[in-house]
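K.L.:
As listed in TrEMBL for this protein:
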type	residues	note
TRANSMEM	68-91	transmembrane segment
TRANSMEM	97-114	transmembrane segment
TRANSMEM	245-262	transmembrane segment
TRANSMEM	274-293	transmembrane segment
TRANSMEM	329-349	transmembrane segment
TRANSMEM	361-378	transmembrane segment
TRANSMEM	398-418	transmembrane segment
TRANSMEM	455-480	transmembrane segment
DOMAIN	511-688	domain 'STAS'
Amino acid sequence: MLRPTGKQYVVTRPLYSEDAFADEHAKVQSNMSCCLIGFWNSKRVKNAALSLLPIVGWMRIYRLKEWLLSDIVSGVSTGLVAVLQGLAYALLASLPAWYGLFTAFFPVIVYLFLGTSRHISVGAFPVLSLMVSAVVTRMVPDEGSLFNITGFQGLSIEEQRVMVAASVTFLMGLMQLAMGLLQIGFIVMYLSDTLVSGFTTAAAVHILVSQLKFVLGLEVRGLSGPLSIIYTLQKIFVQIEKTNMCDLATSLVIMVVVFLVKELNDRYKAKLPVPIPVEVIMTVIACGISYAFDFKEKFKVDVVGHIPMGYESPVAPNMEIIGHTAVEAFPMAIVGFAVAFSVAKVYAVKHDYTIDGNQELIAFGASNIFGAAFKSFAASTALSRSAVQESTGGKTQIAGLISALIVMVVTLAIGFLLEPLPKSVLGAVVIVNLKGMLMQVCDVPYLWRRDRPDCVVWLVTCLASILLGLDLGLAVGLGAELITVVFRTQFPRCSVLANITGTDIYKDRKDYVSIYEPEGVKIFRIPSPIFFANIDFFRGKLVEVGFNPLRVLRKRNKAMRTIRKLLEKGELQMLPVSSNMEDLDKPIDFKDLPLRVNWNSDLPANIQVPRVDVHSLILDFSAVSFLDISALKGLKAAIKEFIWVEVEVYIVACDAHILEKLHSCMFFDEDIKSSMFFLTLHDAMLHVSEKHPVRSENTNYLTKVITPHTVL
């Protein structure tokens, strides 16, 4: 019974062990047949069908008069940015610029129907573009392909690179689609925010270095593999005197203006109806100036060049290329989904709707497969482009559709207007947009102060990704992250608890002043699962509670044998003694002996046995989420060691599933009984206080026990 009294409460209930509670309170019996029938009702089937086409769900609630204009304005703004970023990120992927327009169109159309996020802008993402570039330059370096691929025959280097990018994108999409259909979207949870932050920071460094050749107007061939960033910087500095000053000046002007206007957009975003599209404005101005002053001929500036009108015929992926790029495709699939899902979650929380991780995998998988057929490269989302779509009033993926239509207009009709655009302008725009990723370095001091293992993961991931490349760096970072998880669970911070005076609350005795510790009682808490890797650590920490039960048991057995030898009278029935030293680890059966020893008193003949001042040991299992078989065996052995030295062991707050597992694995026997499990820590403490109200002091080291063999 619960009686609240102001800010206090009084509870009156029986003292419960797990057995007593189970006897008094029956559990609900599940009926699987009813569950199966209910599972396949029409409503569930309808929801399952609608989940595959999320567009049906949000189109049914679409507010035409309120949302359409906002979506159109947002779509136009996003489309202009998507055109510019598509061109820039295609160069980042070591592909002809116009292929970025394909990536800004085809994946968007598929995601419109299958995606659950209403606000992200699908298309090229700089980190993925860089990963595509690593594959492309490995398979098709500037000197020509090093692989004997049948499909490369008769193709130029650019066409070969497009084929490689499309094939690896197809494989990436296939992996994402398979993970979505198999409902394993949870795999992205293994990429922590810290790991992703370190990885994207390293990617920003790679992107920055890769764009220097455009900003400086140098010819530097693409490199991939470990230490490629070092070799690239070396090649840039070797020919730094060949810098094209027109390219450098143009880039610096673009970067300064875009940076300042972006800062103004951030500062006055509450007052501006829409952010100023400074990248688009500066691109149009630069394109016009380049055309008017003929930068290409007069200043030898490298420009975008010819942009073919229209779309190319769909092609099938090259299976030979897929066989050579499977290792790179998997991290691309994971990174592409992880970034998009993280951005989608932010906007879903902000606008109060839900997204489905597995459906997002299906959507991006299908988008990349469809896009690869039309020679687009890996698609995800870019934070800056998604921010434009959301901040300009976008409500649904109708804005994405409008942006795709803007891209289509450029591709089919006015793409030629971008032909005089200097590549240095695109490189400058890419570098300015790296600010957010590069500023993540500022997180390192905070992480070092708050959580050093997380800081180590950040540093290892970042440095490995910079030096070894993004694919190997991600693997190293994931390995470092898993190692920290293993160490946290293998070596948890165990504690000895004490009662907070006047309450039923128990806390670490080191942290509080006003505590109560009953004499002879120890409460031990382990705040992690117990499994094969930490069971020995767990048992070692138990020994630190006060004593080593196995050592005490051996000493007592030796002492008992000595006492037996001192008993020379024939009135006592003696048991045979084995000389096998292994028996010292087992308790001697005292039931048939005519005496009982008080081991905490002074023993005869200078026999020394360690004193045991603990009569009850309580194990708090409230934070133990699972036990494996190895841990179960180790736990059973540890409990038996304490029981054999006459220490009562209790386990409290044990999860019901763990308790069921203990029963099914034959954990209980004549020493370990289910009555030792209690519902709460306070229940166990009350039970112990009833059983041991006052510590008994007995100076007699032998107490006669009446047996048929005892002579009175």
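Using N, Cα and C of the backbone, Cβ positions are placed for all residues, glycine too.
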K.L.:
Would you say the transmembrane segment (329-349) and the transmembrane segment (274-293) are in contact under the rule of three or more C-beta pairs closer than 8 Å, pairs 6 or more apart in sequence?
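P.N.:
No, the transmembrane segment (274-293) and the transmembrane segment (329-349) are not in contact.
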K.L.:
So which of 68-91, 97-114, 245-262, 398-418, 455-480 has the most C-beta pairs under 8 Å when paired with the transmembrane segment (361-378)?
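P.N.:
Most Cβ pairs under 8 Å with the transmembrane segment (361-378) come from 97-114.
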K.L.:
Tell me whether the transmembrane segment (97-114) sits in contact with the transmembrane segment (398-418), defined here as at least 3 Cβ pairs under 8 Å among residues 6 or more apart in sequence.
P.N.:
yes
K.L.:
For the transmembrane segment (455-480) and the transmembrane segment (329-349), does the number of C-beta pairs under 8 Å, pairs 6 or more apart in sequence, reach 3 or more?
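P.N.:
In this chain the transmembrane segment (455-480) contacts the transmembrane segment (329-349) - 3 or more Cβ pairs sit under 8 Å.
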K.L.:
Same-chain Cβ contacts of the transmembrane segment (398-418) under 8 Å, 6 or more residues past its ends?
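P.N.:
That would be 62, 67-68, 70-72, 74-76, 78-80, 82-83, 86-87, 98, 101-102, 104-105, 108-109, 111-112, 121-122, 287, 304, 307-311, 389.
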